[in-house]
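Written below as structure tokens is the structure these notes are about.
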């Protein structure tokens with residue numbers, strides 16, 4: 001029986017190992033995750049903050065996306081997924097050569113052995129090129145960095161942020177990625193982090209909270225009143241984030257297999273349930289539903305299901321959604337207001353609650369709810385199961401706790417060292433004058449061309465007239481400047 005032409009080897013473009021379906025899905029999934037950051041979180045950050053910080057917040061996300069990509073291909077990817085150097089770190093090297101990138105993807109340290117030395121599960125070798133694997137995991141690294149930024153919006157010195165991004169990627173993110181995904185000690189111990197509950201959300205939340213502590217708070221006036229400048233645009237960014245999560249969790253199996261659609265379905269179930277629970281609690285406690293609260297509930301549902309999206313049943317995703325819509329809500333709305341320490345640290349977008357608490361919760365619930373037959377599809381350690389399924393499940397729950405403690409400890413220490421080192425050369429916080437004015441002082445740009453919100457009007461910069469245009473030609477009531485139509489208030 002002849003093989004259909006679409007599935008025939010056609011060297012060098014279609015080698016025998018290439019699965020076109022897996023390759024197409026992995027590139028699609030990577031693009032969906034990329035859209036979560038650019039433009040998803042760029043839009044969300046620009047609109048959820050006070051108007052005077054819209055440009056700065058969007059730029060921090062935009063810069064991180066670009067800087068992470070270059071650092072990733074230069075050295076980061078192979079520190080996270082390369083040959084072992086330490087139990088938690090691999091040897092760094094560029095991922096730029098065509099021979100490396102068009103060859104079959106492989107994660108060299110993922111071969112798992114029985115205690116007697118026999119192979120239990122072979123090395124991870126997806127049926128697509130290395131370039132697809134490099135790009136897919138870049139989008140994960142980028143969104144982690146951008147989520148972390150949410151903790152320090154509205155006051156971190158942009159130059160300090162520019163130095164922080166590559167250092168944190170190399171010395172913090174890659175450690176969690178290799179330990180849990182790249183064949184490090186937690187991977188071989190059997191810890192489950194299906195798609196980044198620990199590597200991404202717990203890391204971003206803990207490092208963000210630590211960074212917020214060292215950078216210092218926003219101005220008192222900003223902390224007391226920080227309304228979003230565009231709620232509808234914020235929803236557009238949140239929508240991109242939610243829909244992009246199908247690539248986030250759907251791409252984690254590294255194949256278009258049966259685990260991928262289950263993970264996508266579980267992801268959406270958890271997000272929807274969490275949003276509804278959070279909104280219900282808002283109505284019960286505050287008397288009215290909040291759009292911002294609904295977005296927070298969506299995020300906690302997505303973060304919570306991520307560590308177990310492909311290894312739990314759909315009913316378990318509902319349980320995750322119920323708990324992720326209530327426990328982070330309680331930590332943010334009740335516990336935060338009663339804790340002097342939590343109030344002292346100015347976590348701008350409450351990343352600690354929406355990502356650290358939710359990611360930790362998801363990792364622990366995975367230790368309880370991981371279904372044995374689903375675990376056997378994607379995990380390297382056989383007979384893995386959650387505690388609710390008896391057998392050795394209690395040990396998995398213990399492993400999930402230990403892994404969380406490692407990620408928390410490493411992120412606190414590494415983030416602290418990085419920021420203290422940067423502080424020797426660059427102030428971590430903007431000057432009070434910049435904090436008073438906002439975007440115009442930091443970037444010389446504003447999100448909306450409406451003069452009068454802290455900006456000192458300068459006709460030589462904003463005026464209708466140029467050097468050769470007389471002042472008399474200015475239309476009454478309006479000034480058409482380089483930033484658009486400015487209304488004289």
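Glycine is no exception: its Cβ is also placed from the backbone N, Cα and C atoms.
As recorded in TrEMBL:
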TRANSMEM  24-46  transmembrane segment
DOMAIN    24-448  domain 'Ammonium transporter AmtB-like'
TRANSMEM  58-80  transmembrane segment
TRANSMEM  134-153  transmembrane segment
TRANSMEM  165-186  transmembrane segment
TRANSMEM  198-216  transmembrane segment
TRANSMEM  228-246  transmembrane segment
TRANSMEM  258-278  transmembrane segment
TRANSMEM  290-309  transmembrane segment
TRANSMEM  315-335  transmembrane segment
TRANSMEM  356-381  transmembrane segment
TRANSMEM  401-426  transmembrane segment
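Non-local neighbours of the transmembrane segment (315-335) in the same chain are 265-267, 269-278, 280-282, 285, 296-297, 300-301, 303-305, 308-309, 342, 350, 353-354, 357-358, 361-362, 365, 369, 371; each lies 6+ residues outside the stretch with a CB under 8 Å from one of its CB atoms. Scored on C-beta pairs under 8 angstroms, the neighbour of the transmembrane segment (198-216) with the top count among 134-153, 356-381, 401-426 is 401-426.
Among the recorded stretches 24-46, 165-186, 258-278, 290-309, 356-381, the one sharing the largest number of Cβ pairs closer than 8 Å with the transmembrane segment (228-246) is 24-46. Most Cβ pairs under 8 Å with the transmembrane segment (401-426) belong to 165-186, among the candidate stretches 165-186, 258-278, 290-309.
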